[in-house]
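Only one structure is covered here, and it is reproduced in the block below.
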Amino acid sequence: MTTHRNDTLSTEASDFLLNCFVRSPSWQHWLSLPLSLLFLLAVGANTTLLMTIWLEASLHQPLYYLLSLLSLLDIVLCLTVIPKVLTIFWFDLRPISFPACFLQMYIMNCFLAMESCTFMVMAYDRYVAICHPLRYPSIITDHFVVKAAMFILTRNVLMTLPIPILSAQLRYCGRNVIENCICANMSVSRLSCDDVTINHLYQFAGGWTLLGSDLILIFLSYTFILRAVLRLKAEGAVAKALSTCGSHFMLILFFSTILLVFVLTHVAKKKVSPDVPVLLNVLHHVIPAALNPIIYGVRTQEIKQGMQRLLKKGC
């Protein structure tokens, strides 16, 4: 593995150079293997979960359709970000073309927003299941899932589209070294010799509007869920509901917290090492993806039974 660091324009003008850890280049050494393992775990586990849901007829239910959508989003996010990061860590292959960079930027923003929206819909599903169990079959239907999926797709595709468009219209005046492992909007626009105020305002306003509204609805859903669970008389039912919903909420909280810390470190970039938000940005694209199949899948009895039935059929 090489650690060659050359911040001159060593590529053609049509390329950016991804320069991951400017202050701490040794981080590449100890991150390369764990990140590779996390990537394999995330892609493998989500693919397994996705295939289980679609091959096992008993799992053809609204909640599991949403879970399969979450797995698909995780797979796309991992494949969009982590392979390029690993080629930098292992082989120091830092160039990325302008079109590839802006495409990666769009997919990252769009699919992270879709994942946040999917968490919100799944939280609503749990709210209806626990707070209005008798009405659940009439509210959470296949038709509801189709409408929810269309909303997730339309809202986030349209809202995140201006981000790469605004970045692609900037002039970069010969500067092409991105101090990041990925084509994050803030890192790319920092290279421009144009005024990037509109870019940054849209990034923050759009991000807080999408993720903020999702988080508020998620928090409200789990607040009502907690209140309903605490009213249950059966101790076993209370423990089971708290265990399931608690793990779901902790994962969503982790997903949101690491994103919030990433934003705050960008705001306070003079007080923290510039490598910290770079590291958080990379981890944010793989750790939740590795945890989602465990929290939402393996710990769910119906999915475990579905996997066992598929294994028996295969044998």
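Counting begins at 1 with the first residue displayed.
Even glycines carry a Cβ here, placed using N, Cα and C.
Residues annotated as topological domain 'Extracellular' in Swiss-Prot, with sequence analysis given as evidence: 1-29, 80-103, 165-200, 263-277. Here Swiss-Prot flags Asn6, Asn185 as N-linked glycosylation site. Feature annotation from Swiss-Prot assigns transmembrane segment to 30-50, 59-79, 104-124, 144-164, 201-221, 242-262, 278-298; the stated evidence is sequence analysis. What Swiss-Prot lists as topological domain 'Cytoplasmic' is 51-58, 125-143, 222-241, 299-315, and the listing cites sequence analysis. What Swiss-Prot records for Cys101-Cys193 is disulfide bond, and it gives sequence analysis as the kind of evidence.
Location within the structure of each feature annotated in Swiss-Prot.
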residue	record	DSSP class
Cys101	disulfide bond	helix
Asn185	N-linked glycosylation site	helix
Cys193	disulfide bond	coil
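Across the fold, the C-alpha of Cys193 (disulfide bond) and the C-alpha of Asn185 (N-linked glycosylation site) stand 15 Å from each other. By neighbour count, meaning other C-beta atoms within 10 Å, the densest spot among the disulfide-bonded residues Cys101, Cys193 is Cys101. With DSSP classes pooled into helix, strand and coil, the tally for the topological domain 'Cytoplasmic' (299-315) is 14 helix, 0 strand, 3 coil. Spatially, the transmembrane segment (201-221) is not adjacent to the transmembrane segment (59-79); fewer than three Cβ-Cβ distances between them are under 8 Å for residues at least 6 apart in sequence.
There are 23 other Cβ atoms within 10 Å of the Cβ belonging to Asn185 (N-linked glycosylation site). Using a cut-off of 8 Å between Cβ atoms, the transmembrane segment (30-50) and the transmembrane segment (144-164) share fewer than three residue pairs, counting only pairs 6 or more apart in sequence.
Cβ atoms under 8 Å from those of the topological domain 'Cytoplasmic' (51-58) belong to residues 64-65, 67-68, 71, 297, 302-303, 305-307, 309-310 of the same chain, restricted to positions at least 6 beyond its ends. Among the listed stretches 59-79, 104-124, 144-164, the one sharing the most Cβ pairs under 8 Å with the transmembrane segment (278-298) is 59-79. Beyond its flanks by at least six residues, the topological domain 'Extracellular' (165-200) meets 7, 9, 11, 13, 15-20, 22, 81, 84-85, 88, 96, 98, 101-102, 104-105, 108-109, 266, 274, 278, 281-282, 285 of its own chain at Cβ-Cβ distances under 8 Å. Cα separation, Asn185 (N-linked glycosylation site) to Cys101 (disulfide bond), rounded: 10 Å. Residues 1-4, 11, 14-20, 28, 31-32, 35-36, 39, 42, 111, 164, 167-168, 178, 181-183, 188, 282, 285-286 of the same chain sit 6 or more residues outside the topological domain 'Extracellular' (80-103) yet have a Cβ under 8 Å from a Cβ within it. Counting only same-chain residues 6+ beyond the ends of the transmembrane segment (144-164), those with a CB under 8 A from a CB of the stretch are 62, 65-66, 69, 102-103, 105-106, 109-111, 113-114, 117-118, 121, 185, 199, 202-203, 206, 209-210.
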